[in-house]
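Asker: One structure follows; several queries about it will come next.
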Amino acid sequence: MTALLVALGGALGSALRYALGQRYDDRWHHGTLAANTVASLLLGACAGWALHGSALALIGTGFCGGLSTYSSLMVQSRDLGPARGAAYLVGTIALGLGAATLGFTLAG
Amino acid sequence: MTPGPRHFLAVAAGGACGALVRYAATQAQPDGAGFPWTTFAINVVGSALLAGLLLLPVARRSPVWAAALGPGVLGGFTTFSATSEQVRSLLADGRTGLAAAYVVGTLAAGLVAVVVVGGLAPSLPAEDEL
């Protein structure tokens, strides 16, 4: 049952990330950046709410994990070149940490 | 190329598989309170595999398979949100050095993996790099 919820959340999150990327990734990867930031905000909130069991499997492990991506962040950063790639990386990490902190604080 | 419904279904199906494999890995080897080695490994391995995706003939031939395996399986397998939350949690516990080592270590290993594996593989078309 838990595995099914992870799969369902992962499917929804991944499809949403793909849609955001197709729509908003251009010279800057705004779509992927938004997906990673929103997923970090929501996962921080999951920690603040102390979600566990089925809810954590669906929303945290499944949806947030599927919505966010580390592999694309790495490949996109490489392709942007040293200066813009570094800016994209640092920006994504700072926004992700800020979003997780905000989500945790608001939910706690 | 504009993706159609088949691409979205492929990404969703792949994302379900990727998330399941990540879940199984973290069940088998939970991250615990120290350095999150399992999530670190997931993100580095997933980055390397995405950079090498077009070494697979099926991904070169079929944009739908490339979407299923790239933004689908590998996007669902790797996670940025877990890393953000783990770093937040480590900082909240006052473990600043460990948090910094985790952020920098994942970035460095991921970039090295992408550059090394990517050097062997043809480039991904931009629309499949999600």
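Along the chain as shown, the residues are counted starting at 1.
Each residue, glycine too, has its Cβ placed from N, Cα and C.
From a predicted model like this one, the values you see are computed outputs, not experimental measurements.
Pulled these features from TrEMBL for this protein:
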TRANSMEM  A:41-65  transmembrane segment
BINDING   A:Gly65, A:Ser68  Na(+) binding site
TRANSMEM  A:86-107  transmembrane segment
Asker: Going along the chain, which residues at least six beyond the ends of the transmembrane segment (A:86-107) come within the CB cut-off of under 8 Å?
Answerer: 28-29, 33, 36-38, 40-49, 73, 76-77, 80
Asker: For A:Gly65 (Na(+) binding site), just give me the three-state DSSP call.
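Answerer: Note: A:Gly65 (Na(+) binding site) is helical by DSSP.
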Asker: In the same chain, which residue numbers or ranges, 6 or more beyond the ends of the transmembrane segment (A:41-65), come under 8 angstroms Cβ to Cβ?
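Answerer: Apart from its flanks, the transmembrane segment (A:41-65) reaches 1-3, 5-13, 99-108.
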Asker: Long-range same-chain neighbours of A:Gly65 (Na(+) binding site), Cβ under 8 Å, sequence gap at least 6?
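Answerer: The answer is A:Val6, A:Gly9, A:Gly10, A:Gly13, A:Ala39.
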Asker: So for A:Ser68 (Na(+) binding site), how many other CB atoms are inside 10 Å of its CB?
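Answerer: Other Cβ atoms found within 10 Å: 32.
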